[in-house]
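As C-alpha cells, the structure follows; a few thoughts come after it.
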Amino acid sequence: MTAPGDTSFLTAEELESAKQDDIGAGSVDPNVLGAPAEAHNPLGYDVGFTSAVFLNLSQMIGVGIYSTPGSILKSVGSIGLFLILWLIGPLVSFAGLNVYNELASMFPKRSGAEVVYLEQAYPNPRLFVPITFAMTSVLLNFSAVNSIVFAQYMLDAFDIARTPFRTNLLGTGVATFAVAICCISTKWSLRLVNVITFIKVATLLFFALTGICVLAGLTSVPDPTANFRDPFEGSSRSGNALATGLVKISYTFLGWANANNVLAEVKGSDPVRTVRQAGYASLGIISVLYFFVNVAYVAAVPKEVLRESGQLAAAAFMRAVFGNAIAVQLLPLFIACSCIGNIIAVTIGHARSLREVARQGIMPYASFFSSTKPWGTPVAPILFTYVLTIVVMVAPPAEDAFSFLVDVSSYPGMLFAVGTAAAVWVLRRRRVLEGLAPAPFRASNIAVVVWLIRSVFLSVMPWVPPEGGSNGGDVSFWYATYCAVGLLIVAAACFYYYMSIVLLPRLGGYEIVEEVEELSDGALTKRLTRRYPGEGASLGTERTPLLDQRRQ
C-alpha cells in the first residue's frame with residue numbers, strides 16, 4: 001500500500017482494508033459496480049440551483065424553436081394540431097425527466113447521467129455495456145453543429161459573404177473560446193452560461209410578448225386571428241406525420257437532464273433534490289415560453305407562409321412584424337447567442353460524461369482523462385471533445401459529409417436511450433432482490449412506458465423511407481446510410497469487447513481484473529489489468545494494464 005497522496009492501486013478485494021487503513025479510498029463501496037464513487041469530488045461543488053436550471057435551459061434553447069415550427073406545421077397540416085402537439089411534447093419530456101430523476105436518486109454521488117445508469121443497470125456480460133457505450137460516445141462526441149450554425153449566423157448578421165474558410169475559422173474560434181473557459185474554471189464557465197441563458201430566455205420572452213401585442217392589434221399585422229378560425233382545417237390523418245411532428249418537438253426540448261451530468265458537483269445537503277427541482281423548473285419555463293412563441297408565429301405569419309417557411313419560421317415572424325431590415329439584423333444575433341450558450345453548456349455536460357467513461361477504466365490512459373489537474377476541471381475530456389469537433393468541422397470536403405457525420409453521431413445514442421429507459425425497471429427489480437430500500441424518488445410506470453415508447457420510436461423511425469424515397473433524406477445517397485454506419489460502429493465495439501475481454505484472456509491464460517487508482521488530486525479511477533495464475537490478489541509486478549502497455 002502507498003501513503004496518502006501517492007498513487008495507489010487497489011483491487012476490489014483490497015478496498016475494505018484500504019478503508020480501515022484510511023488511505024483515501026474510503027469513499028468507495030467495493031460492492032458498487034463501475035467507476036468508484038468519490039466522497040469528495042475533486043471537481044469541486046460549484047453548481048447550485050440557479051446554475052443547474054441555467055445549464056438545462058442553455059442546452060434546451062438552441063436553434064430548434066427558431067427553425068422547426070414550419071416543418072412541424074407542414075407535417076400535421078393544421079394550426080389546431082400544431083398547437084396541441086406543442087402541449088403534448090412537454091408532457092413526453094416530463095416523463096423522461098421523471099425517469100432520469102429516479103435514476104439519479106439511486107446514484108447521488110455520480111456525475112455523467114446516462115454513462116452511470118447504463119453501467120449500473122447492465123453489468124452482465126461484464127464490462128460489455130460500458131465498453132460499447134464508451135467506444136461510441138468517445139468516437140462520436142463532438143459539438144460541431146452549433147459551432148457551424150453560430151458562424152453562419154454571425155456572418156449573416158454582419159452581411160459578410162459565407163465561405164467554407166470563414167465559416168470554419170469562426171466556428172473554430174467560438175469552439176476554442178468555449179473550451180478555454182470550460183478548461184480554466186468551472187465556476188466562471190457556469191457564470192457565463194447563466195448570463196447567456198438569461199439573454200436567451202429574454203429573447204424567447206420578447207417573441208412571446210410580441211405575439212401578444214400582435215393578437216391585441218398593436219402591430220401592423222392584418223387580421224392576427226385569421227389562423228385561429230377553423231383551426232383544424234387540413235389536419236393530417238397520417239399517424240406517421242403526427243409522430244414525426246411530435247419527435248421534432250421533443251428534440252427542441254432536449255437538454256432538460258443536462259444538470260444530471262454534473263450531479264456530483266451540486267452543492268448543498270440534497271443534490272438530487274436540487275437537480276430534480278431544477279429539471280422541473282427549467283422544463284416548465286421552456287414549455288410555457290415555447291408554446292407562446294408558437295402562438296406568436298401563428299398570429300403573425302399566414303398559415304401557408306409559415307407552412308412553407310422550412311427552417312426560417314422565426315425569420316418569417318420577424319419580417320411580418322418588423323420588416324426585412326430589422327429581421328435581417330436581429331434574428332441572426334439571437335440565434336448566434338443561442339448557439340454559443342448551447343456550446344458551453346454541452347461542453348460542460350459532455351466532459352463529465354467522458355470523465356466517467358474514463359473512471360470506469362475502459363479508456364486508454366484512464367488516469368490522464370480522470371485527472372482534474374491543473375485547474376480543478378476535466379481538462380483532458382474537454383480537449384478531446386474539442387479536437388473531434390475541429391476535425392468534424394474542417395475535414396469533410398462537402399456538405400453531405402458534414403450532415404452524414406452529424407447523423408451518424410446521433411444514431412447509437414438513440415439505441416442506448418432505449419436501454420436507459422428500461423434501466424428503471426431493471427434497477428428496481430435488482431434492489432428488491434438484494435433487499436435494498438426503494439429509490440428515494442420513484443417515477444410512475446406510465447412515465448416510464450411513455451419514455452420507453454418514445455425512445456423505441458426514435459430508434460425505428462430513421463429506417464422509414466422519407467417522402468422523397470430512398471434518396472430523399474438530407475444527403476444525396478441512401479437516407480438510412482447513417483443508421484447502418486451507426487450500427488457498424490456499435491458492432492465494432494462489440495467485436496473489440498469480445499477480443500479484449502473474452503477471447504484474448506482465454507487464449508493468454510489470464511483474467512481481467514479491476515483496480516482502483518487514487519490520483520494525487522484525490523480523483524478515483526479504475527484500471528483494467530491482466531492477472532495471471534498464481535498472482536492471487538496481491539499487486540504482482542507481472543500485472544499488465546489492459547488498455548495501455550505500461551508495466552507497474
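In case you wondered, yes, glycine gets a Cβ from its N, Cα and C as well.
Feature annotations, reproduced from TrEMBL:
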- 79-100: transmembrane segment (TRANSMEM)
- 127-155: transmembrane segment (TRANSMEM)
- 167-190: transmembrane segment (TRANSMEM)
- 196-218: transmembrane segment (TRANSMEM)
- 239-259: transmembrane segment (TRANSMEM)
- 279-300: transmembrane segment (TRANSMEM)
- 333-354: transmembrane segment (TRANSMEM)
- 375-396: transmembrane segment (TRANSMEM)
- 408-427: transmembrane segment (TRANSMEM)
- 439-457: transmembrane segment (TRANSMEM)
- 477-498: transmembrane segment (TRANSMEM)
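Touching of the transmembrane segment (279-300) and the transmembrane segment (333-354) is ruled out by the presence of fewer than three CB pairs under 8 A, sequence neighbours closer than 6 excluded.
For the transmembrane segment (127-155), the partner stretch with the highest count of Cβ pairs under 8 angstroms, out of 196-218, 333-354, 375-396, is 333-354. Residues 42-44, 138, 141-144, 147-148, 168, 171-172, 175-176, 179, 182-186, 347, 350-352, 354-355, 358, 368-369, 402, 404-406, 521 of the same chain, all 6+ positions outside the transmembrane segment (375-396), place their C-beta atoms under 8 angstroms from a C-beta of that stretch. Cβ atoms under 8 Å from those of the transmembrane segment (167-190) belong to residues 43-44, 46-47, 51, 54-55, 143-144, 147-148, 150-152, 154-155, 265, 339-340, 343-344, 347-348, 351, 375-377, 379, 382-383, 385-386, 389-390, 393-394 of the same chain, restricted to positions at least 6 beyond its ends. Among the stretches 79-100, 333-354, 408-427, the one making the largest number of Cβ pairs under 8 Å with the transmembrane segment (439-457) is 79-100. Comparing 79-100, 239-259, 333-354 for CB pairs under 8 angstroms to the transmembrane segment (408-427), the maximum falls on 79-100. Contact between the transmembrane segment (79-100) and the transmembrane segment (333-354) does not hold: fewer than three of their C-beta pairs are under 8 Å, each pair 6 or more apart in sequence.
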